[in-house]
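Noted in TrEMBL for the protein shown:
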- 26-47: transmembrane segment (TRANSMEM)
- 53-72: transmembrane segment (TRANSMEM)
- 93-117: transmembrane segment (TRANSMEM)
- 129-146: transmembrane segment (TRANSMEM)
- 158-176: transmembrane segment (TRANSMEM)
- 229-250: transmembrane segment (TRANSMEM)
- 271-295: transmembrane segment (TRANSMEM)
- 311-333: transmembrane segment (TRANSMEM)
- 354-374: transmembrane segment (TRANSMEM)
- 386-405: transmembrane segment (TRANSMEM)
- 506-528: transmembrane segment (TRANSMEM)
- 540-561: transmembrane segment (TRANSMEM)
Amino acid sequence: MDQAAGCPAVGGSYPQKNAEILSSQYGINLFLAGLLLTFAWAVHAVGISKSHLLSYLITLMLIQLLWMLWYLCRSCTQRRLIRDKDTHAGARWLKCGITLFAVITLILDSFKIGYYIDFSNCLSPTEGIFPVTHAVHTILQVYFLWCHAKDVIQSFKTLERFGVIHSVFTNLLLWTNGVLTESKHQLNEHKERLITLGFGNITVVLDDHAPQCNCTTTTLCSIFSQGIYYLYPFNIEYHILASTMLYVLWKNIGRKVEHHQQNKTPFKFHGITVGMIFGLIVLTSTIAIVVVYLIQIGGSKIKSELALTMFYLHAIFVLALMCTAGIVALLIYRLEDRSLDNSKNPARKLDAELLVGTAAGSWLLSWGSILAIICAQGHPKYTWYNLPYSVLVIIEKYIQNLFIIESIHREQEKVNDDIKTLRIVTVSRGSTLSLTPLYKEIYNGRAARDSGDIPCLFKGSICGRENDGAGVAKEETSQDNSLVMHSASDFSFYSRNSVTNNKRRILKNIAAFLFLCNLSLWIPPAFGCRPEYDNGLEEIVFGFEPWIIVVNLAMPFSIFYRMHSAASLFEVNCKT
């Protein structure tokens, strides 16, 4: 009978599993079609223009807008119902980060609208419709993620799976479009820099799809065209963050959530001064290096070589510091005996997978550089600095990934509520009140309970009421003996507590330092400081076009890795 009764429950899971498989296949095909269309436009395929690509993206955004509006309206009508929430998904700091990137993306859209107005005589109308649709899509999507990123959807599950996965791959296609547009701009500058370094034998015709007409207002056109490419890194990060948050929402559909209270762990500057100071020094120096690099590179051969040498030396120093900090943190973890949290958590699992997956982009570039240095016949002086730089990039990501993944899987220390809230009141014969921290009494009270003697506080009475005459005198004599026991046990408690606090403070400073270092290392490739393009050695060994393809495929993952690591380290700092 029990087995028969269980059959419907088991069979009921099949439709939902099929819906998950069907929706994922729908999303993958949606993405592949858009990816092929993007590639066809990039290589000037016959019959494919930019307007076709933009029309496809506009259609996807409009479908997502309709789904989000339907979901928001349905949520408003059912707002009195108690909904399951995934407390690990959609952290507030993550929402604030995506909001910041969204605001800059809206500025980018306004620049694109201005650019279209200035070149409206020779641009397709879709190039004007796209930024307007994208701006509306950005505003509504950020609002949707703020309100519903934590939702665990339990109704209309099949329909919602298709809606959410459609949103995931729409954002991935918008990310791909941004990466391609920004990469084409970088390639034009890259060829000019190689010529100044003496690699004149590399000849490749590059095309940036520039409009075939004159601008109505030259000054504004220059501002819009240059400003767009400085804002693209933020647009790229916005779409990849949105797609990851939506993916977690998709994985949570139909999930059974364990109802337990999640302890809030706000970020605090207290106790991380050292890590913040060193991190800010690295951040400031990195910004200065990037500014000098972009000014010097391409100016002349000597200036370009000095710029590359300066970049490599600075990066080697920063990566060595990061490796050292990561090793210290891992050694502290080895000295601690704390269990890992292996409960089901889609957000945490995705974080770990993204760290390892996106690190592969940097590893690919680093191994390519190492191989080029080994195989090249001629070695300009600055290229030798690329060898320790590439090796340290590989090692640093190994160490940092291990530190972050172990940190997000470690269980938080549970503090006894009694220790945090209660105080013991001891009444002496002279009617004076003595307030002592409860951890003293509880710590020693546990031993008393084990021996069968329960302290007066746990009996629910005040000691002074139970003792009179000889009893009071006996209590006073026993207090002298108990003071010795208190002091010995308190010393042991304080020593253990002091060691724990010192370890915790070191880990918080390391997390803060690595957080700022990852932000620092995100800046150079995001804003055009890319020695993988500029040193020229890899192009000679592998060929210009093959190496450029490798860089264009791997660099977006390398850039995203740094931002994702910074976000994960921020969470580690809050939890430690």
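Cβ atoms are placed via backbone N, Cα and C, with glycine included.
Take the transmembrane segment (271-295) and the stretches 26-47, 93-117, 129-146, 229-250, 311-333: counting Cβ pairs under 8 Å, 311-333 has the most. For the transmembrane segment (311-333), the list of distant contacts is 278, 282, 285-286, 289, 293, 382, 385-386, 388-389, 392-393, 395-396, 399-400, 402-403, 406, 410, 503, 506-507, 510-511, 513-514, 517, 520-521, 524, 529, 531: same-chain residues at least six beyond its ends, Cβ to Cβ under 8 Å.
Tertiary neighbourhood of the transmembrane segment (129-146): same-chain residues 54, 57-58, 61-62, 64-65, 68-69, 71-72, 90, 95, 98-99, 102, 105-106, 109-110, 112-113, 116, 167, 174, 238, 242, 245-246, selected by CB-CB distance under 8 Å and a gap of 6+ residues from either end. Counting residues 6+ beyond its ends, the transmembrane segment (540-561) has Cβ neighbours under 8 Å at 175, 179, 183, 187, 190, 199, 202, 204, 233, 236-237, 240, 354-355, 357-362, 364-365, 368, 371-372, 375-376, 397, 522, 525-526, 530, 532-533 in the same chain.
Of the two recorded stretches, the transmembrane segment (158-176) does not lie close to the transmembrane segment (93-117), with fewer than three CB pairs under 8 Å once pairs fewer than 6 apart in sequence are set aside. Beyond the transmembrane segment (93-117), the same-chain residues lying 6 or more positions past its ends with a Cβ under 8 Å from any Cβ of the stretch are 123, 127-128, 130-132, 134-135, 138-139, 141-142, 145-146, 149, 216, 220-221, 224-225, 227-228, 231-232, 234-235, 237-238, 241-242, 245, 267, 567, 570-571, 574.
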